[in-house]
């Protein structure tokens, strides 16, 4: 078979727009180029504004992970002003952030990822009827249950954050809402209901039992709930081998609290963990329609190349750490945090990424319950931070999809520099000057493509296994 | 044109019971502020009218409108609305992908020519011939014009489609442009907010589908039933405003007492929306209730009014420059001054009241 060129896109059921260009030869992808075709220019609009405006503007980069953006902006402002948030405020911020992240994991699994297994190309498989029944797009039973459970869980966001998406409650000094004893009870009740849903529907068993799985083999023996259905499908289609990563992971550390992060920060490469050091971080623009040279986000700029030069193919910059690309997301977080199951899955493909997300879903429920139990209504939830006049700082958080950083520079009370590197910027980055592909581009190589198939389902699985958020990628 | 099934038939096919259907009709009537007499009318309309197809397209945006929409009010209303509109084409939720998706859009346009509602989330960027937002290899603005040509009416979801929203913030790097400045020959209903409240979205769409006409619009093209009152008018903290009791700093004693957030930059007094009545996340709360002022996200230009934490009266642009927008600024200035006067008057009244109380003692 001779080589063919495929353009897969627009991609539906991802947040935002995405196009993937594939060179196919001998029934498999030989090389891939990922294009983020949407640019809005947030980093440029922030220049010259009062620093606190970032708290309102940056969440609007993304309607899916607005709390992550808001948490990163608040952290960056606090860092620039040398301010420490009130510990209880930090706790509530962690709780509402965790709620957004688990909601995202649930939405991804139920509405975006699983519906592909209900496609007619899988009609002969033993699990197909069940997949259709549970997950057919917009009709499957799972979607309704998930939307309902998620909406009920988000009552906590209503309560503590006023509204979601685009919450305003998180500030550099803590949160604007001090929960009373009654709120604490309501939060606990909402969390209990969500646990019931997860245990009845998603996992079909105790969350602690799922979180206690420590090997790939033990994972594959999990039979109950929608997780069990996924694992059956994964075994049948060998999703572990599909879209394997390069085994380099990055996490900024999730839920910073007075006693450290709930999920540890760090790097994972060559099978070992290293401390997080971002001094070697640059954003490469050799294949992005951006002007300027490679720069650390602390000094970087965003200058779109309006000529859209031929050598480039995406609006997305390519973040590299010490010259290497890194994959980020739930799997990365769990590997770096040291969970034995995640470590066993490290370097894996579609199965590893989706199982990493399920594992985190199970573990985060317990974390949210702990956070809510530790709320002390009499404490202070905000230690107000004065507006920053001069300074620079980074806000590093973990969104559902991975490491999110805001780098802020303030001069004379105005924003003089603002650079954002989002999780999908890492995962879906284009090539760098050395020609090294981004993580998705690398993962797509070797994916089988049937002759004449214009929207290869394998490519869909791999792309979605990263849970892309394109509106964040280029902002 | 092919026979289109009725709403009721669609709902039945989706497994919704007669009882749920009737419940839904009463919910809708009350949500839209219509009396119980309208319940049978709504039911009759839905049993006999062919379903109105909806095409939902996405431009420059953040998907917050879709996120808000799928979390709609009553679980029942959400189920029914989702099944009712069936979203013949929805980028975020549909099953088809790639070329199949493009084909589905084209087929829907052809099949329901002149009869479908086009729901737009986000807006087209016009700089560089629209290259900052590409859908299916073409600028979004082309998809928008194409889909709008045969639409019966257009819904502009959210601040992006209605006004431009944050991506239009100065210097508006991509020249993000609201829908009504690109499509000028179709009825457009604006449902602003960032995002709009889920119940407002389902309410508007239900009204249009049920009664087959646009709801009553205000001068800005917003449905009057949800946008005719200021947040301030129905704010539960309003008594504190009138009493001159304000939060001075985040989480201070007054914040714990639930005093008014005006001094923290609340834009409730100049913002028309239903947040203080309908509230958010299934009626649980709204920003002011969580201790943060309103930022006025359903108002045109909310993103470029000086700092979000500036008090309304100190908005810097007032009267600074004479530009083409002078009239608009001047009007806004009057509102600001009005508020200052309003605060002063309220405090004054309180003082008088105190004096009177003393005299009575």
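Just so it is clear, glycine is given a Cβ too, placed from its N, Cα and C backbone atoms.
Feature annotations, courtesy of TrEMBL:
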BINDING   B:62, B:65, B:160, B:194  [4Fe-4S] cluster 1 binding site
BINDING   B:232, B:235, B:260, B:266  [4Fe-4S] cluster 2 binding site
BINDING   B:275, B:294, B:297  [3Fe-4S] cluster binding site
DOMAIN    B:62-207  domain 'NADH:ubiquinone oxidoreductase-like 20kDa subunit'
DOMAIN    B:227-306  domain 'Cytochrome-c3 hydrogenase C-terminal'
TRANSMEM  B:21-39  transmembrane segment
TRANSMEM  B:327-348  transmembrane segment
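What TrEMBL annotates, mapped onto the structure for a quick look.
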{"residue": "B:65", "record": "[4Fe-4S] cluster 1 binding site", "Cβ contacts under 8 Å, 6 or more apart": "B:121, B:157, B:158, B:160, B:195, B:196, B:201"}
{"residue": "B:194", "record": "[4Fe-4S] cluster 1 binding site", "Cβ contacts under 8 Å, 6 or more apart": "B:64, B:158, B:159, B:160, B:165, B:166, B:297, B:298, B:302"}
{"residue": "B:232", "record": "[4Fe-4S] cluster 2 binding site", "Cβ contacts under 8 Å, 6 or more apart": "B:238, B:241, B:268, B:269, B:270, B:271, B:276"}
{"residue": "B:235", "record": "[4Fe-4S] cluster 2 binding site", "Cβ contacts under 8 Å, 6 or more apart": "B:241, B:268, B:276, B:288"}
{"residue": "B:260", "record": "[4Fe-4S] cluster 2 binding site", "Cβ contacts under 8 Å, 6 or more apart": "B:237, B:238, B:240, B:241, B:245, B:246, B:247, B:266"}
{"residue": "B:275", "record": "[3Fe-4S] cluster binding site", "Cβ contacts under 8 Å, 6 or more apart": "B:197, B:231, B:286, B:287, B:288, B:294"}
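Annotated [4Fe-4S] cluster 2 site B:232, B:235, B:260, B:266; additional same-chain residues within 8 Å of its Cβ mean position, judged by their own Cβ, are B:231, B:237, B:238, B:241, B:261, B:262, B:268, B:269, B:288, B:293, B:294. Counting other C-beta atoms within 10 Å of each candidate's C-beta, the binding-site residues B:62, B:160, B:266, B:294, B:297 are led by B:62.
Under DSSP, residue B:260 ([4Fe-4S] cluster 2 binding site) is assigned to a strand (E or B) in the three-state scheme. Proximity to chain A, taken as a Cβ less than 8 Å from one of its Cβ atoms, holds for B:62, B:65, B:194, B:297 among the binding-site residues B:62, B:65, B:160, B:194, B:235, B:297. Under the three-state DSSP scheme, residue B:297 ([3Fe-4S] cluster binding site) falls in the coil class.
Taking DSSP states H, G and I as helix and E and B as strand, the domain 'Cytochrome-c3 hydrogenase C-terminal' (B:227-306) has 31 helix, 6 strand, 43 coil. Residue B:62 ([4Fe-4S] cluster 1 binding site) falls within neither a helix nor a strand when secondary structure is assigned with DSSP, and so counts as coil.
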